[in-house]
Structures are given as C-alpha cells and as structure tokens.
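Q: Pasting in a structure now, in structure tokens, and then I'll have a few things to ask.
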Amino acid sequence: MGNFAANEGLSIFVILVWLGINAFLFVHFYMVFLVKRWFYTRVLLGQALPWARAPAACLNFNCMLILLPVCRNLLSFLRGSIQCCSRTAARQLDRNLTFHKLVAYMISFHTAVHIIAHLFNFEFFMDAQLNRNSSLLTFVLSEIGTGDNASFLNPIRTNETVSSCRTRLLKLNPTIVMFTTIAGLTGVVITLALILIVTSSMEVIRRSYFEVFWYIHHLFVIFFIGLVFHGYGRIVRGQTPASLNTNDPEVCADQFEDWGKNGNNCTVPEFAGNPPATWQWVLGPMILYVCERLVRIYRSHQKVVITKVVMHPSKTLELQMKKKGFRMEVGQYVFIQCPSVSRLEWHPFTLTSAPEEDYFSAHIRIVGDWTQALYEACGGDKAEPQEAWKLPKVAIDGPFGTASEDVFRYEVVMLVGAGIGVTPFASILKSVWYKRIQNNQDVFTKKIYFYWLCPETEAFEWFADLLQSLEGQMAEKGMTDFLSYNIYLTRWKESEAAHFRVHHEAENDPITGLKQKTLYGKPNWDNEFTNIASKHPGTKVGVFLCGPPLLGKSLGKQCRSHSEADVKFIFNKENF
C-alpha cells in the first residue's frame, strides 16, 4: 500500500481534485439557474436550461486546462524547478499526455450533454413561438421584445410567415436558427472540430497515419476561436435585476395577462443575457500556448548541422547533429522538423547520445511517410554515401525532460526497453560509462539491471555495438557487476531457435556477439523482481520503461506487489 501511494498517490489526488472541481462547477451552476432570475426562462425551457448551462461551466474549466499539458517548454521548466524538491511531483509532469487525454474526454462528455440540452431548448423555444395562444404564459413571454424593445426572452422572433407556413417553419426554423445565430454557427463549428480532433486521435490512426492526426489536431485553433465567440449572442437570457423589483415572478407569473396595465403592480419583465465569460477562462492558457509556439519558432530558426548519418539494420536511421548552445541530460527528447519533407510537421525522438559527447544524436525507425521521406532525403535508399552538402536541413526544438532524467537518483535501477524503446537507455548507458572512466565519485547509482525485449533479430544489431563496447570496457575496469543485462528475442521461428541453441555453448552469443546469451520468449517478471528485491534490501529501486502500455501495466503491477517495508520499486514510464 505504501508503494502504491508512492507511485500513484499524487496522481490519484490530482485526478480526484480535478473531478471534484468538475462536480462542484456542475452542481453550482445547475443551482444558479434555479434561482428567481431565471424563473421565466425555465417556464419556456424547463430543466433543459440548467442542464445546458452546468456543462457549459465545466467546459470552460476543462478548456482552460487542455492546452497546459502540451506546453512542453513550460513543463520542462517546471520539472527542472521542482525536481530538487519533490521527485514524486516531478514524475507527475511526465504524465502530461495522459491528463491531456482525460481532459479531452471530459470536454467531449460535457459537450454532448450541452448539445443535447440545447436541442431540447430550441424545440421548446420553437413550440412557444408556434403555439400562438395568448392565454399561455409561454406565448406571452415569447412576444416580449417584438418591437424596438431589445429585451426579448425567446430568440426565435415572430414574423409574418409563422401563421401561413406553420408546418413548413416547424421543419425548417430550428435548422435556420442553428446556422444563423452566433451561438448556433459557432456551436456547429466547435462540434465538428471536436469530433474530427477526437476521432483522429484514436491510437490506430495516430500510429498508422500520424500526419492525419497531426494536421487535424490543429483544428484546435478554430475550436478556441469559436469557443470565445460562442456566447456573444447572449441567446440564453434571464430577468434583469431592475425588472425583478417591478415583476416578482413568484407573485406576477399568474397575472401575466395584466402585465403593464393600470392598477397592476406587475410590469412587463425585461430580460438580458449574461456577458460572455469563456474568454476569462481560456485567455491565460491561450497566451501561454502562443508564447510556447513563439519559443518553438525561435528555436526552429537556430542552425543545426548534421555531422554524420548512419544507416543501421532494420531500417533505423541515426542522425548525429550539432547546435550552438545545445545542452542535454540523459533520457531527454527533442522534436525534429525537416523542411524539405514538411514545413509544418514536428516529430519527437529520444536522444541516444550522452551529455558528455560533443554532439547529440537520435535513432529514427522508418515506420511512416514522414520517416520514410527523411530516410530517402538522407540517402538511405542509395548505395553510395550522401555528400554532406546534399544532406537536408533540420530544425530542433528541445531538449525536453522525461522520467529517465531521474535515473541517477536511485541506488539500484531497472531499465526496460521494448524494440526502438531502448533509445533513452542508450544515452543512459553511454553516460554511465563516461562517468566511470572519468572516476566521477558523484554517481549515486551502484547497480543497473538492463532488459531489452525485441521481436526480431535484426533490431538488435544497431544497439549491440554499444553493448559490446560497454561489456569489454567494464571487464577491463573490473566492473562487470555494475551492469547486468538481459536481451530477449520475443518472437522467433523454431528452426531459428534450434540453430541458435547449437551455438549456445560458444563464448559469444551468435546473435548479438555479447558474452551474455540472448534469451527466448518473454521475461518472467515475477522472478526478476523477486531476485532483485532479495539482493538489494533496504533500497529504493527505480524502474524505468520505454515501451508499450500493456508492458507498462504489467511492470506497474509488479512494482506494487513486490514493494515491502525494506525495499520499494518506484515505477517511471516514458510519455511523449
């Protein structure tokens, strides 16, 4: 339970606070529209009025939050600022995209409730206008403001065609109103933009058609513009404070036929809409996000030089680059843009170089249109090496912090990489070696357990060189106990496995060339955690993963179940 609190306690607290604020806003604004000022509005609309306004308040709150988790420069600054004070708080910032998605789901939910309630409202407005019976309060309220008086209540105004074309208007008017009022027009635009953004964010589309996801996501600009102007029409109106003094709904509602007549104390009520307030919620985050984009634009114009291009097996491209003033820490990532491929697209890649090196590098797996175009621009599809002056220009935004920055804050560390997810650990392992050969006494980490899970043998090749170098250098320094690594081939053919077993007795592994033999299948995580816990009592073990969500759930569960009074496993996962 203690480790569950250490791993998830603050996250759960943040989520509960967020849900609590949503619940409070919903209930509060629901009750606000049950007061006397909105009595006559409820006569026309019934309970659909508070059911429309309550989710609108929650939408304002969540639209205020939705941009903050993607202000990555702000998050990187906050992470660096609070890291020295609270490692747990800093770790929550690594879950920014998870929170971004939760807020998006909440926006979608409240949007659906808001739309459904307003569809009922339009129907009630239309019925009140079409049912032209002066003995009904709903009709009398709908007639207020038919002249020059602007204090109307029903936004669907009376016109000459109502009586002659009643049936036709009953079919057309809700659609006309929806598309011709400010609220209706912006509401449709906002809804369409939100539907496109949410549907294109589905994992299957995001992974297979990243460009579609990336471009459509920028409809958020239209979404926010529509959101700010949505309330300027002031369609939903309540009785003015001055009118409440001369027309108390609780007294005057039953006297509506005599409103404004001599001898009657009830005047004709006057109505006004609330001033638009959405801009007050979203203006601050919008300014922050604009500043974020300006910083990115500034960085994108700083010169970046590609010093070396390496084509690794399994279609993996390595770019080694230099940029004036560039400083990094282990495990960080950058966004890369290649103008010759696309002037708008930026893609995140983990840095595989160490801070001690005089360049920074990224390994890019060729899996989509953008990466394929970059691969070809760098000469990956050509037999001869690409000349330096022919290499494409690239822009770099970053570096940005991740959970892996905390790796040297733990005495014992487990690094788990799946496939190309090994990239942040390349930086860590390189940095470990540099610190060791420089006799850096400030290294707190005493033991590293490294696990690499890969489905295909070719994927091992680009990283095996680094491991071979580390293995040899650690042996020379008598530090073989510092790094324990296990490489798993998770998918293979029986004939291949049998061939590899024949060579199992050889000094070096036939796949990787390492002294440590490649293992087949998937790790038994229960045994691995039990073994590490028994070897390191009384320590906090940092578990770092860069891999799929399913593996993350499994490791998170193992961290919680194997943490006891004398040993705790703290789970950290890469998110970008």
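The backbone N, Cα and C atoms fix where each Cβ goes, glycine too.
Grabbed the feature section from TrEMBL, which reads as follows:
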TRANSMEM  12-35  transmembrane segment
TRANSMEM  102-120  transmembrane segment
TRANSMEM  176-200  transmembrane segment
TRANSMEM  212-232  transmembrane segment
DOMAIN    293-406  domain 'FAD-binding FR-type'
Q: Mind checking which residues reach the transmembrane segment (12-35)? Cβ under 8 Å, same chain, six or more beyond either end.
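A: The answer is 41-42, 49-51, 53-58, 61-62, 65, 92, 99, 102-103, 106.
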Q: By a Cβ-Cβ criterion of under 8 Å, what residues six or more beyond either terminus of the transmembrane segment (176-200) are in contact with it?
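A: Result: 104, 107-108, 111, 115, 118, 122, 125-126, 155-156, 206, 212-213, 216-217, 219-220, 222-223, 226-227, 229-233, 235.
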Q: What are the DSSP helix/strand/coil residue counts across the domain 'FAD-binding FR-type' (293-406)?
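A: Breakdown, helix to coil: 24 helix, 39 strand, 51 coil.
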Q: Looking only at the domain 'FAD-binding FR-type' (293-406), what is the model's average confidence as pLDDT?
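A: Taking every residue in the domain 'FAD-binding FR-type' (293-406) and averaging pLDDT yields 83.
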